[in-house]
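Annotated features in Swiss-Prot:
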- C39: active site, nucleophile (ACT_SITE)
- C42: active site, nucleophile (ACT_SITE)
- C39-C42: disulfide bond (DISULFID)
- 2-115: domain 'Thioredoxin' (DOMAIN)
- D33: site 'Deprotonates C-terminal active site Cys' (SITE)
- G40: site 'Contributes to redox potential value' (SITE)
- P41: site 'Contributes to redox potential value' (SITE)
Amino acid sequence: MAEEAQVIACHTVQEWNEKFQKAKDSGKLIVIDFTASWCGPCRVITPYVSELAKKFPHVAFFKVDVDDLKDVAEEYKVEAMPSFVILKEGQEVERIVGARKDELLHKIAVHAPITA
């Protein structure tokens, strides 16, 4: 049975580097959810992001707490939470700021359509 898709939470820079590199090497579309424990809208959208991970198992979803991984947040110039950065072949192709569910779904579907 296939492993159920999930959001990969990274808490250290080493963990981020290893898991992110593995996802890049796989060629998957990557969605990074930049969040913070104190961010109300982040908590609201978290269950939705988990549902998207199940709906799009061919996409790598990451959750990055900006307080835990400040360097990663700075690298991607994250200034507000939640922010979603979508990468294709290692390059940023989309950025969504705010808990905008419809836009997030649309942008993922454009770059990683579900093939039945």
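Backbone N, Cα and C define each Cβ position, glycine as well.
Sequence features annotated in Swiss-Prot and their locations in the structure.
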residue: D33; record: site 'Deprotonates C-terminal active site Cys'; Cβ contacts under 8 Å, 6 or more apart: V7, I45, T46, V49, F61, F62, K63, V64, P82, S83, F84
residue: C39; record: active site, nucleophile; Cβ contacts under 8 Å, 6 or more apart: M81, P82
residue: G40; record: site 'Contributes to redox potential value'; Cβ contacts under 8 Å, 6 or more apart: none
residue: P41; record: site 'Contributes to redox potential value'; Cβ contacts under 8 Å, 6 or more apart: M81, P82, G98, A99
residue: C42; record: active site, nucleophile; Cβ contacts under 8 Å, 6 or more apart: T35, A36, M81, P82, A99
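According to DSSP, C42 (active site, nucleophile) is assigned to a helical segment. Secondary structure counts, DSSP: the domain 'Thioredoxin' (2-115) has 47 helix, 31 strand, 36 coil.
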